[in-house]
Amino acid sequence: MATVGASNDSECPICMGPVQRAVVSRCCRHRFCNNCIAAVQQTAGQGGASGRCPYCRSERFAFDSVREPPPQLPPQQPIRRPPPQASARIHRCQAAQCRFTGTENDFLDHLVNRHRRELLENHHLLFSQQQPPQQYEDPPERDPRLAENGKTYCGGPLNGPPCDCCSGVCGPQDGCNCVHCMTIDLANFQVTHGNSLVNKFGRVASLSSENGHFYCAAIMGLAELGGSGDSIAYCGPIDGPNCEACQALDVQCGSRYASLM
């Protein structure tokens, strides 16, 4: 057995190494390896001698297990979050006669560069206590009817700002309709998502995530685009030129039909 003379409590006096699975003696409260004490007890039992404490030589040969402290963890580092990324959503400018579309940063630059005066004159409206817009409802005397193009018209005045393509009346046979009749159109065409409307030609048009324009994917002559009338092109469906009816929705979705988007 090794000479007992160690005084370092983290070092086993038997093996002279770091204490493993520590036990502590009840006599001198010194720490030993569990395996070293087991070997001492086994050797003492084989020789017929009464075991003594390997450190203080006391005859009270009893030990208790020691619960090891949990390992020390390195100090927690603060979580470094990546800087917020600009939204990829396409924004459409609602200014009259302006067809700009772009991502968040480009849209903000456009507002500052092209509509600076309007922003300065009307910025107080952004922070004023405004009442929420009233839900548009048709008067009870209106009677919505289904027209040949598949759309619904009630014959009453159109809500929202006037558009350049209609007479300001909802139908009664074609053209644009009021928001109440558009709600009926969406139900009749079983449109459940909030980024589609039914244009005045009776086609379901969806808002493109690429450029913020409406497209109905219908065939249209290139004459509408200033080309040959003998050729054909499609309205979208993802990007590119859109038909006359979808161009009207580009403007109306932010005003007349804003509550449906």
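A Cβ is built for glycine as well, from the same backbone N, Cα and C atoms used for every other residue.
The following features are taken from TrEMBL:
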COMPBIAS  68-84  compositional bias 'Pro residues'
COMPBIAS  127-137  compositional bias 'Low complexity'
COMPBIAS  139-148  compositional bias 'Basic and acidic residues'
DOMAIN    12-57  domain 'RING-type'
REGION    65-84  region 'Disordered'
REGION    127-148  region 'Disordered'
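For the domain 'RING-type' (12-57), the number of residues in each DSSP class (helix H, G, I; strand E, B; coil) is 14 helix, 8 strand, 24 coil. The average pLDDT the prediction assigns to the domain 'RING-type' (12-57) is 80.
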